[in-house]
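Here the structure comes first, spelled out in structure tokens, and everything after it is commentary.
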Amino acid sequence: MGYARKVGWVTAGLVIGAGACYCIYRLTRGRKQNKEKMAEGGSGDVDDAGDCSGARYNDWSDDDDDSNESKSIVWYPPWARIGTEAGTRARARARARATRARRAVQKRASPNSDDTVLSPQELQKVLCLVEMSEKPYILEAALIALGNNAAYAFNRDIIRDLGGLPIVAKILNTRDPIVKEKALIVLNNLSVNAENQRRLKVYMNQVCDDTITSRLNSSVQLAGLRLLTNMTVTNEYQHMLANSISDFFRLFSAGNEETKLQVLKLLLNLAENPAMTRELLRAQVPSSLGSLFNKKENKEVILKLLVIFENINDNFRWEENEPTQNQFGEGSLFFFLKEFQVCADKVLGIESHHDFLVKVKVGKFMAKLAEHMFPKSQE
């Protein structure tokens, strides 16, 4: 009787594993088509509820390169050091193990199947694999499958109803950066949904801390920024990031161009909410912020930063808040904007920028800044 029970458990495990592997293969075969669909993110819309529209930033993510798909699920153990004989052997074994796993998936898949959308039963099997597996390369493949599948609006509800949100969020505790990035991508795509956002808000602080402390310009940091950008499309959860705005400005100043643009999308969502204006003005900004206004800086970075400043100016009544201005500390964004002459010198320094749109935007910004800061002097 005991032997039969063991055989039954083993058989059940094999059935779940085989089914999940089949699901993963079907999803990874359609990654190229899914990438095209997922690249359409940024519409600023939250599906199902219509909570947001227009200018706000909403990013889907799929940063995998199809040409490197065979390498993407290869996990090398920590002792597989490059340049050593033992490391070479360990890396070769890891590649062989990943290849065998991939071939096992392909063997069980239908050779004529081009489907990229999984059924609820198949999604359940993949989620079981994510929950039970401890192998990084298997987790990565399963998360890629879920991330691609979450590109479809109707599947976001299904994954949530299957209990997928806490299962994937638990993976955020891993130390493996590749697996963590894939988990963030899954949550990012799932967050384009009002109900999913309501349930994912409990993980925002963890995602925010991980994003700020991750290696600068890393894939994990960018994936975290994209998720936080999606979560701030509406005004409901923006207050949860109030204490981290200074850190976002620090990332903006220190990061590369891709990081700068992603941070700006997040800050622009915050700047469009009048309730977040004081938090933005209170944030400490690096002294190097003004040096970003130069001819060498990317045009898109300059324009987005100026739009953020304009929104803050529009939402803050300088005269009405004169008695409370001492609440803003030295080095804050408030004093950066309040020191009009210093700011003017730095901004006017790019009036000779070769791009006409930048010139127009700079002129508009300076006019608004002067109007709000010195209304009496213009009478």
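Including glycine, each Cβ sits where the backbone N, Cα and C put it.
If you look up TrEMBL, you'll see 6-25 marked as transmembrane segment.
According to TrEMBL, the feature region 'Disordered' maps to 95-116.
Annotated compositional bias 'Basic residues' per TrEMBL: 95-106, in sequence order.
Computed over the domain 'Armadillo repeat-containing' (118-337), the whole-number mean pLDDT of the model equals 92. Residues annotated as domain 'Armadillo repeat-containing' in TrEMBL: 118-337.
Annotation comment: TrEMBL describes 163-200 as repeat 'ARM'.
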Secondary structure tally of the repeat 'ARM' (163-200) (DSSP, helix then strand then coil): 31 helix, 1 strand, 6 coil
